[in-house]
Amino acid sequence: MKKKRGIVPIEPESFLQFIDCHCHIPWNQNPARMDETYENQYDLFFKEGGKYIISSSVDWESLQFIRDFVESHEHMGFTSGWAPQTVTFTNKKKHDEDFSQWMDYIKNPHNYSNYLGIGEIGLDFHHAKKLDKRNHQIEIFKKIIQETKTLNKPYILHVRNPTQNDVDTDNPNHEFNDFDSVNKIILKILEEEEIEPSRVMWHCFSGPTKEWGNKIASQGFIISVISSAYGNKKMRNFSSEVPISNIVTETDAPYQHPYQYGVSNTPRNVKYAITALAFSHLMEQQEVAKIVFDNAKNFFKIMQG
Ligand SMILES: [Zn+2]
């Protein structure tokens, strides 16, 4: 492969141990060409040093099929999410019906020991550009936090701030258009609801600046660095000064391939996130791998004893 600018100049080492803290395996909508079946991806993950895969659902339907896959595969857990895209893109009737089923499911005790957390949930002001859509996402996010905070499960956040192309043209001066508006709203809600930061993981951390990385980490939040940080200098920069003690790693597979467009990502590529961190934090890959591995175990309370 020809090296492009922005790609880390070292390759992942063999014999790294890793956990993928956030992916969507299996997934019903393929964003790109997929060369391997999910069974192959699963087998190769463990063959190459993987120890545990955490797959996240985004709505009621994906919860069913991800949970079924996890139930029949060892060393996997799932999280139960209601993504902001689900809020914005599902028609109202279906959204409200599915949401109440989903809420009943996640609030009631049940027998799935590998139900590890709630997420992805959050706000996405790229996909919601209008005020009413943005307010709807906020309303649902708040409701999920309020109704689940006593469950003591970790939260996995999807946080996407608006860019200059995402301005609400009906309300161009509204504060929701600010480059870091989503971070601010999320922090405010979590503070009001008294959610302990160490219980919250910011999935696919994307700043929007490195100062935000520092601010969030210093409050005790967990930041998840994605495999595509390997091929994306800007993504690496956001977590470049975050202490490694606050970091876990993920792929978001099938999205976010480490260095290629138009190709599906796979959980074993989480090693590229480790390599990216070794580069940005000037550490040995083995050392990074060991620390982020322990962070993931502690955060999700997996592989204990
Ligand atoms: Zn995701």
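Glycine is treated like the rest: Cβ placed from N, Cα and C.
In TrEMBL, annotation is done automatically, which means it is predicted and not curated.
Among E120, E139, E147, the residue that TrEMBL places alongside H22, H24, D252 at the divalent metal cation 1 binding site is E120. Taking the centroid of the Cβ atoms of H22, H24, E120, D252 as the divalent metal cation 1 site, the other same-chain residues with Cβ within 8 Å of it are C23, S55, S56, I156, H158, H203, C204, E250, A253, Y255. Residues within less than 8 Å, Cβ to Cβ, of H22 (divalent metal cation 1 binding site) and separated from it by at least 6 positions along the same chain comprise I54, S56, T79, E120, I156, M201, H203, C204, S224, E250, T251, D252. Other C-beta atoms found within 10 angstroms of the C-beta of H203 (divalent metal cation 2 binding site) number 26, with every protein chain shown included.
Figure note: comparing Cβ neighbours within 10 Å for the binding-site residues E120, D252, the maximum is reached by E120. Same-chain residues at least 6 positions away in sequence with a Cβ under 8 Å from that of H24 (divalent metal cation 1 binding site) are, in sequence order, S55, S56, S57, V58, S62, I66, D252, A253, P254, Y255.
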